[in-house]
Amino acid sequence: MLNSGDSTYPVDQPRLHIKGGYSLAGEVRISGAKNSALVLMAGALLADDTCYLRNVPALADIGRMAEILQAIGVTVKEQSDGIEINAQDLNATNPPYALVSQLRASFFAIGPLLARLGVANVPLPGGCAIGARPVELHVRGLQALGAEVIIDHGVVQAYAPKLKGAKIYLDYPSVGATETLMMAATLADGETVIDNAAQEPEVVDLANFCIAMGAKIYGAGTNSITIVGVDRLHGTEYDIIPDRIEASTFLLAAAITHSEISLAPIIPGHLTAAIAKLEEIGAKIKLEGPQRLRIIPAETYSGSDIETLPYPGFPTDMQSLFMSLLAVSKGNSLVSETVFENRFGHVPELNRMGADIRVKGNHAVIRGVPFLSGAPVMGTDLRATAALVVAGLAAKGETIVHGLQHLDRGYEAIEIKLGQLGAKLERRGGVTQPVKC
Ligand code: EPU
């Protein structure tokens, strides 16, 4: 029997009780990508009629984004296989702080608002558990497109009766800045070139969605994106790509429990870094079809070094998940986090489970241990919490993962999906509360 918790952790809060050591088997369905869905919902503001997004994951963050769009006059309707967004009556330029403060991705509204209405007043999203997360690259890019921008009382106030195409060089290939500027440029006068652009699959998904709405965008997925402005964008139907981070979470869950499972749908090219690293550590990955793969585990894994980088480098979102596996792999590993300044929140919790990890600056030195032991642990952000779930599946005894308000932002029905694969886990406690990132 699973016990009821640990007195030092809040027992009235939602938590996952995981009984470790069970193998997984079968196939798991991968949901639509959270980080695509969020930005595509903002992108739908660019069209003056209905957009239909399919494969939208059922997540707390998606619900919050829908509330933010509704607050500025947009109709958002949940349908059986997606959501319908109509921004014909987009009328307010100021998404309210009370909502924006719950979801950083709401800042994406700034580009479409400026392009459609010529004015945007969007509260600064501020930092979150993983870092300060400034938005100066978004702001400088909008200024290059001809917007007047001031920051007053915590609100970014931008004004541009008509944006004008420009050549923009991003000091860093920021995913969010690339997306903001690409959206804004779709309705600008003339040509915009974004150099040192982010190349993440979610950027390409946004570009494809905008193209389906009538935008002219070339080069998304490379480091130079050209956008030729058009007068208007129309509604469209669009399928969101599968979530590569959710997929890698299940790959790691299988690897750490020495289980063979298959995953579908996935886009293999989006998982290149994860697949290469898993194979280096000892697992085998077999492509079973254009959108399906199978992981074949090893008996033991060997340590490896990881450095997070912008795409196509190793994704920061997978760093914590791999660390759980490296914690029980033979030998030493060095994990360097270069994208966010505070993304090691899982380390002290993994150490409570018996891992041997030391952090110095943005490096974590991991000495592999033979096994982890279950413990009550606290998730500090989305991917840190997911890493603790992965670790709990393999740990001896019971792990109680707290902090599910983070997990629920990014994983659709995770305990149901894991349960269907044979994991022994159960959610207990109240409903999760909003948390921003
Ligand atoms: N940065 C700046 N100035 C800017 C913009 C970014 O200094 O104006 C810095 C950030 O502070 C960070 C780095 O650049 O240190 C990378 O940030 P980026 O803008 O690329 O990330 P993001 O757009 O804020 C998205 C995802 C993140 C994911 C990163 C990196 C969404 C909603 N979020 O964030 O996802 O980790 O790209 O791939 O798309 C998550 O899903 O849990 C998550 C955090």
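Backbone N, Cα and C define each Cβ position, glycine as well.
Per TrEMBL, the feature active site, proton donor maps to Cys128. Counting Cβ atoms from all protein chains shown, Cys128 (active site, proton donor) has 16 others lying within 10 Å of its own Cβ.
The annotation phosphoenolpyruvate binding site is assigned in TrEMBL to Lys34, Asn35. The Cβ neighbour count for Asn35 (phosphoenolpyruvate binding site), using a 10 Å radius over every protein chain in view, is 25.
Residue environment of Asp317 (UDP-N-acetyl-alpha-D-glucosamine binding site) contains 23 other Cβ atoms, counted within 10 Å of its Cβ in all protein chains. In three-state terms derived from DSSP, Asp317 (UDP-N-acetyl-alpha-D-glucosamine binding site) belongs to a helical segment. According to TrEMBL, the UDP-N-acetyl-alpha-D-glucosamine binding site annotation covers Arg104, Arg133, Pro134, Val135, Glu136, Leu137, Asp317, Val339.
If you look up TrEMBL, you'll see 19-417 marked as domain 'Enolpyruvate transferase'.
Per TrEMBL, 2-(S-cysteinyl)pyruvic acid O-phosphothioketal is recorded for Cys128. Reduced to three states, the DSSP call for Cys128 (active site, proton donor) is strand.
Per Cα geometry, Cys128 is the residue among the recorded positions Lys34, Asn35, Cys128 nearest to Glu136 (UDP-N-acetyl-alpha-D-glucosamine binding site).
The two recorded residues Val135 (UDP-N-acetyl-alpha-D-glucosamine binding site) and Cys128 (active site, proton donor) have their Cα atoms spaced 13 Å from each other.
Listed recorded positions: Cys128, Leu137, Asp317. Those with a CB atom under 6 Å from ligand 1: Leu137, Asp317. The average pLDDT computed for the domain 'Enolpyruvate transferase' (19-417) is 96. In this entry, Arg104, Arg133, Pro134, Val135, Glu136, Leu137, Asp317, Val339 make up the residues listed for UDP-N-acetyl-alpha-D-glucosamine, with the farthest two CA atoms of the set 22 Å from each other.
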